[in-house]
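Heads up: the structure comes next, in structure tokens.
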Amino acid sequence: MREMRVGHGYDVHVLVENRRLIIGGVEIPYERGLAGHSDADVLLHAICDALLGAVGLGDIGRHFPDTDAAFAGIDSRILLRRVAQQLKERAWQVGNVDATIIAQAPKMAPHIARMTAHIADDLGVAIDRVNVKATTTERLGFAGRGEGIAAEAVCLIERG
């Protein structure tokens, strides 16, 4: 009998000067970037949290703490690949990932196809098992004021 689990992840980072904006493993031209210990890829962090949560392994901070210099500036695609490996070691497979980027600016639509391809590649799944979309908050809240960017992700994992 096939066992299935669902995971949910959420992440948010503040926008700051003098940082590159990396979302979904894609560098997006913008005057500010996300602050963080790693590359601050809010989308990949939310996906990592969803996958880790589905397996019952806590969250990204437990596995890749911001107090560990080894993760300073690290490409979050590396973190996602490591999470995927942890699933594989426990005989779990990714059924699908559905994620939403929450940002007033910049526009994400031109970059979503590349983000989706990176995520599918890093997880070792077909591209149709990954969905990435973006929305604004109609200028409401921290994202609407351009203070930061958030992302949410849900995943289904299966084994057996």
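A Cβ is built for glycine as well, from the same backbone N, Cα and C atoms used for every other residue.
Of the residues His37, His45, Swiss-Prot places His45 in the same divalent metal cation site as Asp11, His13. His13 (divalent metal cation binding site) sits 10 Å from Phe142 (4-CDP-2-C-methyl-D-erythritol 2-phosphate binding site), counting Cα to Cα.
Asp11 (4-CDP-2-C-methyl-D-erythritol 2-phosphate binding site) sits 6 Å from His45 (divalent metal cation binding site), taking the CA atoms of both as reference points. In sequence order, Ile102, Ala103, Gln104, Ala143, Gly144 are the residues near Thr136 (site 'Transition state stabilizer'), counting only same-chain partners six or more apart with C-beta under 8 A. In the three-state DSSP scheme, Ser38 (4-CDP-2-C-methyl-D-erythritol 2-phosphate binding site) falls into the coil class.
Using a 10 Å Cβ-Cβ cutoff, His37 (site 'Transition state stabilizer') registers 16 neighbours. Taking Phe64, Asp68, Thr135, Phe142 as the binding-site residues under consideration, the smallest Cα distance to His45 (divalent metal cation binding site) is found for Phe64.
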